[in-house]
Amino acid sequence: MSKYVLKRLLIMIQTLIAVGIIMFTLMNFVPGDPAQLALGAGTHTPAEIEMKRAALGLNRPFMVRLGEYLKNIFLHFDFGKSLIDGTEIKWELMRRFPHTFKIAIYSIVLTVVIGLPLGIYTAVKANSIGDKISLFITLLFDCMPSFWTALLLVLLFSLKLGWLPSSGCTSFKYFILPTIANSLGGLAGFTRQVRASMLEVIRSDYVTTARSKGLPERKVIYGHALPNALIPILTVVGMRFGSMLGGATIIEVIFSIPGIGQYLVNCINNRDYTASTGGIVFIAFTFALIMLLTDLLYAFADPRIKAQYVSSGRRKVKENG
């Protein structure tokens, strides 16, 4: 298992390095001079601009700046300073991250709590009226963009009915509408994936054997089929959580939640290249860490992976012996 963990860790590091290189390169070729942006509005002499470029290190070769940027990120977790106000990007991201994380956590919990039993039901009752209605509704939700859903929720529950607030983040009720808007699309896809996984297991030979032995249908479904169907669902949950973390960006803007998404949008609008790059790389870090944890859980849950690495280890011992 240690080889599997090391392999996944190396893949994560390679992915993050690639993301860092791509983002730094793209921002390096964006039109505009970061030195002028850092100096602020007004007329500045060429000498002042050149001094600012030297202070920011922009007059050094591209590869030198790229190497230092990657070194600061991976060794010191330092994303640099904002060009607008000079604040540490790392601390600004850490201050805003809890709001984004709350939206993602609430969204994935809502998705699993509703999608898992609904997916099991539609698999057990495949091709029934309930299955077809559920499929239609999930497809409808899947086609609705999260920002459009968010606007509809605000119009109905905030402006018309007045039940829930449309902005802010001071208590749990402020996260209800953002959570629903962020999870509906993911809920639809998750339900269909649970259904597909359950159907594959239900149609397998060992489930047929369990039924032929006269076991109650409830025990066959929940005791034999569900545990095996949940193994691939672990990966789906991890991917959904990562996508909901990224999907919170537009949700935060609509509901005025001071999370990383709103921070990124503000930085892009202000052409704060350093902060924009840092925010995107930070989200990539978080997503990669979530996928690493998901892969580790999947490895512990799936006996085939453990058997694969154990057998390969024994084979090497025999060859060396």
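Using N, Cα and C of the backbone, Cβ positions are placed for all residues, glycine too.
Taken from TrEMBL, the feature domain 'ABC transmembrane type-1' covers 97-298. The transmembrane segment feature in TrEMBL is assigned to 9-30, 103-124, 136-159, 171-190, 220-239, 245-265, 277-301.
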Out of 9-30, 171-190, 245-265, 277-301, which stretch touches the transmembrane segment (136-159) the most, going by CB pairs under 8 Å?
171-190
Short question: most Cβ pairs under 8 Å with the transmembrane segment (220-239), which of 103-124, 171-190, 277-301?
277-301
Pairs 6 or more apart in sequence, C-beta under 8 angstroms, 3 or more of them: is that satisfied by the transmembrane segment (103-124) and the transmembrane segment (245-265)?
yes
